[in-house]
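Taken straight from Swiss-Prot:
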- Asp121: serotonin binding site (BINDING)
- Cys114-Cys192: disulfide bond (DISULFID)
- Asn6: N-linked glycosylation site (CARBOHYD)
- Asn21: N-linked glycosylation site (CARBOHYD)
- 1-36: topological domain 'Extracellular' (TOPO_DOM)
- 64-76: topological domain 'Cytoplasmic' (TOPO_DOM)
- 104-114: topological domain 'Extracellular' (TOPO_DOM)
- 138-155: topological domain 'Cytoplasmic' (TOPO_DOM)
- 177-198: topological domain 'Extracellular' (TOPO_DOM)
- 221-287: topological domain 'Cytoplasmic' (TOPO_DOM)
- 340-357: topological domain 'Cytoplasmic' (TOPO_DOM)
- 37-63: transmembrane segment (TRANSMEM)
- 77-103: transmembrane segment (TRANSMEM)
- 115-137: transmembrane segment (TRANSMEM)
- 156-176: transmembrane segment (TRANSMEM)
- 199-220: transmembrane segment (TRANSMEM)
- 288-312: transmembrane segment (TRANSMEM)
- 315-339: transmembrane segment (TRANSMEM)
Amino acid sequence: MDLPVNLTSFSLSTPSSLEPNRSLDTEVLRPSRPFLSAFRVLVLTLLGFLAAATFTWNLLVLATILKVRTFHRVPHNLVASMAISDVLVAVLVMPLSLVHELSGRRWQLGRRLCQLWIACDVLCCTASIWNVTAIALDRYWSITRHLEYTLRTRKRVSNVMILLTWALSTVISLAPLLFGWGETYSEPSEECQVSREPSYTVFSTVGAFYLPLCVVLFVYWKIYRAAKFRMGSRKTNSVSPVPEAVEVKNATQHPQMVFTVRHATVTFQTEGDTWREQKEQRAALMVGILIGVFVLCWFPFFVTELISPLCSWDVPAIWKSIFLWLGYSNSFFNPLIYTAFNRSYSSAFKVFFSKQQ
């Protein structure tokens, strides 16, 4: 019983020369506040601008779809669903993640808000990823099956994809809360993160990323093959020049009639076909860039998210932040990519702003 008393009196009467040791012990028990260097302030400011730009751009796309009557049909309902998920990322996820970064990745806002933030994070990001997948599937079917993929079928299929997107995202995000599938908040260490339960890690990463990744890669491979096949079939629809004169005799009806063919070019391509091919090429390029940016943004995060709990690999905090915000940035790039390859949005933006003035 004397040992704690002596330690207490020693700690209270510690001379100033031993002050660094006492402060070191205090830091072990309770981490100090993060030092806001100029570089850190700059990074946090840029992240704040990213959140604001993501919200503004997606809200503009969503408002345009709601205001312009011609956009009240497919595939713009898929774009609206994607814009909603990305707006929610900017409103519900990014601000609290920015607070988390500002406090040195320590969560000081309580268990309830931590659970709500993680659920919104998984819900909105998963929905954004599956909305990209739905747009890629819609483009694939419209390019490769444009005869049977009618407007009525397209509308029904797109509505089903939107419903499945949000249903699957809800199940993945609420599974830890509803079924006690791991813990998201640790009060002693002030940690707030997605459940590290290995079974949930496999379930969530496969459902939120690896499955849609396989779908979009398969879709783009099929689009590439379809485009390559169309180029090949277009070449076979023409007759090349004949190097030498060829005599063709019709011996059955007119024995004395001779045709001389020196050059013949037959094409089956109309102006409508050319317009359709140009539209399909733009759509294929848009889907390719959309998929490429999606993979670049989310692949590092989900690789570490899967390997870290399964292999007990402690990823440095700085890399966790980089990979997480790189994934968030996909919500900023999505509307930029889609509207850049759709001329109707450019004219719709002009009409929208002209009416506001």
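Just so it is clear, glycine is given a Cβ too, placed from its N, Cα and C backbone atoms.
Positions of the features from Swiss-Prot, shown on the structure.
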residue : record                 : Cβ neighbours (10 Å)
Cys114  : disulfide bond         : 22
Asp121  : serotonin binding site : 24
Cys192  : disulfide bond         : 23
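Secondary structure from DSSP puts Cys192 (disulfide bond) in a beta strand. Between the transmembrane segment (199-220) and the transmembrane segment (77-103), fewer than three CB pairs separated by 6 or more residues in sequence fall under 8 Å, so the two stretches do not touch. Within the same chain, residues 129, 132, 135-136, 194, 196-198, 201-202, 205, 208-210, 213, 216-217, 219-220, 223, 319-320, 322-324, 326-327, 329-330, 333-334, 337-338, 341 sit at least 6 positions outside the transmembrane segment (288-312) and bring their C-beta atoms closer than 8 Å to a C-beta of that stretch. Applying DSSP to the topological domain 'Cytoplasmic' (138-155) sorts its residues as follows: 12 helix, 0 strand, 6 coil. Counting residues per DSSP class in helix, strand and coil order gives 4 helix, 0 strand, 7 coil for the topological domain 'Extracellular' (104-114). Outside the topological domain 'Cytoplasmic' (138-155) by six or more residues, the chain places 73-75, 77-78, 161, 219, 222-223, 226-227, 276, 280, 283-284, 286-287 with a CB less than 8 A from a CB of the stretch.
The list of residues near the topological domain 'Extracellular' (177-198) in space but at least 6 beyond its ends in sequence, with Cβ under 8 angstroms from a Cβ of it, reads 100, 106-108, 111, 114-115, 117-119, 121-122, 204, 305, 308-310.
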